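Participant: Here's a structure for you.
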Amino acid sequence: EACAGAYKSCDKVKCCHDRRCRCNIAMDNCVCKLFYCELFGTCDRLKP
């Protein structure tokens, strides 16, 4: 049930503030999903 706790605390993780996250059972923590622009390093170009 540690996984459920990780999901609940996910909102408290800054990087998860506006994105989905998944639970990493092995590490017993919450992993934030990256935006596509983060994977390719193009986030800055998308900002107005």
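Heads up, the Cβ atoms here are built off N, Cα and C, so glycines get one too.
Residues or ranges marked as disulfide bond by Swiss-Prot: CYS3-CYS16, CYS10-CYS21, CYS15-CYS32, CYS23-CYS30.
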Participant: Between CYS21 (disulfide bond) and CYS32 (disulfide bond), what C-alpha distance do you get in Å?
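Facilitator: Between the Cα atoms of CYS21 (disulfide bond) and CYS32 (disulfide bond), the distance comes to 4 Å.
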Participant: I'd like the number of other C-beta atoms within 10 A of the C-beta of CYS21 (disulfide bond), please.
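Facilitator: Within a 10 Å radius of the Cβ of CYS21 (disulfide bond) lie 17 other Cβ atoms.
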Participant: Within 10 Å of the Cβ of CYS32 (disulfide bond), how many other Cβ atoms can you find? Include all protein chains, please.
Facilitator: 17
Participant: Translate the DSSP assignment of CYS32 (disulfide bond) into the three-state scheme.
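Facilitator: It is in a strand.
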